[in-house]
Amino acid sequence: MMKNLPEVGNGGGSGFPAVSVGNKKNKYQRMDSDAEESQNHREAEARNSRTRKYVMACAFFASLNNVLLGYDVGVMSGAVLFIQQDLKITEVQTEVLIGSLSIISLFGSLAGGRTSDSIGRKWTMALAALVFQTGAAVMAVAPSFEVLMIGRTLAGIGIGLGVMIAPVYIAEISPTVARGFFTSFPEIFINLGILLGYVSNYAFSGLSVHISWRIMLAVGILPSVFIGFALCVIPESPRWLVMKGRVDSAREVLMKTNERDDEAEERLAEIQLAAAHTEGSEDRPVWRELLSPSPVVRKMLIVGFGIQCFQQITGIDATVYYSPEILKEAGIQDETKLLAATVAVGVTKTVFILFATFLIDSVGRKPLLYVSTIGMTLCLFCLSFTLTFLGQGTLGITLALLFVCGNVAFFSIGMGPVCWVLTSEIFPLRLRAQASALGAVGNRVCSGLVAMSFLSVSRAITVGGTFFVFSLVSALSVIFVYVLVPETSGKSLEQIELMFQGGLERKDGEVELGDAERLVRKEQEF
């Protein structure tokens, strides 16, 4: 009787089409597999989205201190016009007031390296905000030049701490593929602060001389208030946590800031290797190693310190601080029109830094530096020619404003953000905080020297002659980038260290973790 039963799948004796049980089973398996893959893909996309938002929030809050520097640069360019009238300060006092912040901030930067290694990157940012708030409050109520300088000193120390630590922190929490994008946030916020300073100048310029500049300076306190909220959101740097032996805490942070668990574990392994090397080098103090460097560290210092100095000696802070003076030289005499023109400069600077953030990882650091330095050289030379031969007329005013905006645009597309990204990337873990502090010192010293001498030098060789000198220095920066600056895009911080040390084994442009292990063993043998 069993033989007379129709076979399922052959259609015998039944009115149904033949269906194979095996095929039907395979079909359901494929459907289950597709559904599982789709679910896994959705989960991966959701995690990637959460990771990007989390790292972006960390970079955002860590960069708030940089708004303070930008705001001070922008607001002081206009506030000083009213301070001169209210406190009756001289030209030399004006140069000291403007340029001293950069010189004073170097002490904050120098202290920042050791401070951040001791109390952590996160709490160093909090300290920076607190010190700046105190300084801004003192400046806002200052009855004399002397009290104004006391507030300026406190603000400078706070800015030095904040400017040094933000790029280091962001570089240490960011995933490799987007590190350039996130590490450029501090420069974005500096530019945003400059724009806010220019807008504040314009907004409060109609008030009385005694009140206007005080409100302009007091507004600078507001961004630092948000730092308190930031401390509730951002984690500590995983690399600092490993240095302190808190490996589990570091793993938790890396799980939040990397898109895949295996990537987080790989980064943790690299950091632990670097930290082990650091522990083996603790018998040699960091500052001694920086001041008496090995050939490899010397190469890193030349690149990091050199790019920081070139960023400032090409005259960008002179352009921003003294843009009203430059445009007055071109022919604009009305103060309100001068301050309105500076807003255009601030908008240009901010827009182009935003472009740079989206290009810095895809295009690379070095191509942006080429575009930036060559463009700045041309704009500075053309500005020099315009101020010397075409000033005081409509054409001269138009061209001067165009070339000032062009200069800040080319600066913002490359030299502005890439400088800080490179400095935070190229140094090994044991040196990173204090080497970055040393780079920030070079940056602030050069900025201060330019800002404190611009009016005097312009008086001696004219404003046009001063910008001709800046154009020559900018031309030298093109050569510096070509000869010495490496491409760091797409490499982890530990891989960049290996790139400077040489002898790497590369596969499709990547440095294998095995290379790091062999290099650490090799160094520990010596």
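Cβ from N, Cα, C; glycine included.
It should be emphasised that the depicted structure is a prediction, and the values quoted were computed from it without experimental measurement.
Marked as compositional bias 'Basic and acidic residues' by Swiss-Prot: 29-47.
What Swiss-Prot records for 1-21 (among others) is region 'Disordered'.
Summarising the annotation, Swiss-Prot assigns region 'Disordered' to 28-47 (among others).
Residues or ranges marked as transmembrane segment by Swiss-Prot on the basis of sequence analysis: 63-83 (among others).
What Swiss-Prot records for 92-112 (among others) is transmembrane segment.
Away from its own ends, the transmembrane segment (125-145) comes close to residues 62, 64-65, 68, 87, 89, 93, 97, 108, 112, 115, 119, 151-162, 165-166, 169, 214-215, 217-218, 220-221, 224-225, 227-228, 230-231 of its chain (Cβ-Cβ under 8 Å, at least six residues beyond either end). As annotated by Swiss-Prot, transmembrane segment applies to 125-145 (among others), with the evidence given as sequence analysis.
Under the heading transmembrane segment, Swiss-Prot lists 153-173 (among others).
Long-range contacts of the transmembrane segment (180-200) within the same chain: residues 55-56, 59-60, 62-64, 66-78, 163, 166-167, 170-171, 174, 216, 219-220, 223, 320, 339, 342-343, 345-347, 349-350, 353-354, 356-358, 360-361, 365, 412, 416-421, 424-425, 489, each at least 6 residues beyond the stretch ends and with a Cβ under 8 Å from a Cβ of the stretch. Marked as transmembrane segment by Swiss-Prot: 180-200 (among others).
Look at Swiss-Prot and you will find 215-235 (among others) tagged as transmembrane segment, backed by sequence analysis.
The transmembrane segment annotation in Swiss-Prot covers 300-320 (among others).
If you look up Swiss-Prot, you'll see 340-360 (among others) marked as transmembrane segment.
Marked as transmembrane segment by Swiss-Prot: 371-391 (among others). A Cβ distance under 8 Å defines the sequence-distant neighbours of the transmembrane segment (371-391), meaning residues of its chain 6+ beyond its ends; these are 314-315, 326, 329-331, 399-400, 403-404, 406-407, 409-411, 413-416, 418, 462-468, 470-471, 474-475, 477-478, 481.
Sequence annotations record features per position, and here Swiss-Prot assigns transmembrane segment to 395-415 (among others) based on sequence analysis.
Under the heading transmembrane segment, Swiss-Prot lists 437-457 (among others).
Summarising the annotation, Swiss-Prot assigns transmembrane segment to 465-485 (among others).
The recorded stretches the transmembrane segment (153-173) and the transmembrane segment (63-83) share 3+ CB pairs below 8 A when only pairs 6 or more apart in sequence are counted, and are therefore in contact.
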